[in-house]
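Below: one structure, written as structure tokens.
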Amino acid sequence: MESSPERSSTLHSSSASREKSFSNTNLGRRSAGFFSRTLDMEGEANDKQQQQQHHRLMIAEEEEEEKENHPPLPHQKAKRVASLDIFRGLTVAMMVLVDDAGGEWQMIGHAPWNGCNLADFVMPFFLFIVGMAIALALKRIPNQFVAVKKVITRTIKLIFWGLILQGGYSHAPDKLTYGVDMRRIRWCGILQRIALAYLVVALLEISTKKAQTKDLAPGGWSIFRLYCWQWLAGACVLVVYLSVLYGTYIPDWSYTVHNKDSPDYGKVFTVVCGVRGRLDPPCNAVGYVDREVLGINHMYQHPAWRRSEACTERSPYEGPFRKDAASWCQAPFEPEGLLSSISAILTTIIGVHFGHILIHLKGHSDRLKHWVVMGLSLLVLGFVLHFTNAIPLNKQLYSFSYVCLTAGAAALVFSAFYVLVDILGLHYLFLPLEWIGMNAMLVYVLAAEGIFAGFINGWYYEDPHNTLRSYSGVLLLVFCIGFVFIGSFSYSMSGVLVAHFFKKSVFVSTIAVDLHGIK
């Protein structure tokens, strides 16, 4: 039985429809399988990415914990601040100059009492630099215990060397002997004052170290708020100093002249005081505290006040005492005493603040703006306090006006070096000062305290007075281009100063270069 064309066409159409439907079904299944596998792969990738991220976080936490538990290795030294080293080198060179040439021109020597000469800037410059170095150095020591241990160790070293060099043990450079009578050892000195300020301010910095990790809030006063506890401690130091200085009653006191070259050797003098709040040489609280705590025999025996008008007619130069000299002229006085050293802590706190500016502010203009404004403000405040007779400038008392003036000057000098070295790139002009600054302690011991000169003084030919020390300056100057130029006017006062400074600078720079080469 033959099929009709219509039925055949219908069957063919139905078969094609079933094949198309079957094909679409298979395509849908394959598509669903593909998308399913894609989603599975994406999920696996996300899981793997999360695992890797979690692993990285765990490694970062372990590294952070390792940093907290272990100090950095000795060879991992951070880059030094060249302008700070240069400033330190300048201060050491100033010390050498004023110690050896201050007698030639008293404007660069210490003021007899009130006032401020070139030599009076050396100590506060050192303390300001110590403060900046504290902020920069302690930020690299994450472990608090290690930081405290390092601070205490360095403090002990400074005190030890201070007693050796200025306590009377070393007699260099003029004498080749050593030893000190313990009944008259000088307990205070330059390095001891630096040690005290360093210890107090460094421990204060360690206790507020978390502030270095925080960002500054908008506003010019935010950095003061961030380190408010340090400024509060500074305010407490100032209150204690001023309270004792102006509130302590000063009774009459006596002393015995121990200088064998004095015609009054062995005599006992009585100084009449019975006052409170005086800032004159004989009756101030700074000297009274030292006499009571240290003992009058353990104080500096040749204070600068001996060059005052009440003591000598050649004031401000050294000279024989007047016939009517005041009773206190031959008395000891400690210029680095206890109460004045408490005031000196303020200079170091200001230095730490300038170090914080270097850490928190990254732009040159922002740093300079803060440094210069604060430096000028301190400078003006110091002058105002002095010239209004409110608080005189006095290095021996380390008065508050002296703190402000010298800290302001230090701020401006450092800012100038920062511009020249870090901004303008004139680093090469100050390499000798940088070498001195990087070896400041050794140069201070060898040059400023006469240890190296004392060693040279021990070598002589025939006569003990014919020593190599007599020719050391000439030997150094032979290698200098400016030798003839300086010698041509060395008979004038300015020529003597320049020649002496040139010889000493070459001497100190030579030592520093040798030490730098050894490193």
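Backbone N, Cα and C define each Cβ position, glycine as well.
Unlike curated records, TrEMBL annotations are generated automatically.
Keep in mind that this is a model prediction, so the values were computed, not measured.
As recorded in TrEMBL, the features of this protein are as follows:
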- 1-29: region 'Disordered' (REGION)
- 80-204: domain 'Heparan-alpha-glucosaminide N-acetyltransferase catalytic' (DOMAIN)
- 81-98: transmembrane segment (TRANSMEM)
- 118-139: transmembrane segment (TRANSMEM)
- 189-206: transmembrane segment (TRANSMEM)
- 226-249: transmembrane segment (TRANSMEM)
- 338-359: transmembrane segment (TRANSMEM)
- 371-388: transmembrane segment (TRANSMEM)
- 400-430: transmembrane segment (TRANSMEM)
- 442-461: transmembrane segment (TRANSMEM)
- 473-499: transmembrane segment (TRANSMEM)
Helix, strand and coil residues within the domain 'Heparan-alpha-glucosaminide N-acetyltransferase catalytic' (80-204) as assigned by DSSP: 79 helix, 3 strand, 43 coil
Region pair the transmembrane segment (189-206) / the transmembrane segment (400-430), three or more CB pairs under 8 Å: no
Chain residues in Cβ proximity to the transmembrane segment (226-249) (below 8 Å; excluding those fewer than six residues from its ends, i.e. six or more beyond): 204-205, 207-208, 211, 214, 216, 275-277, 279, 284-286, 288-289, 339, 342-343, 345-346, 349, 352-353, 356, 360, 397, 400
Rounded mean pLDDT for the residues that make up the domain 'Heparan-alpha-glucosaminide N-acetyltransferase catalytic' (80-204): 86
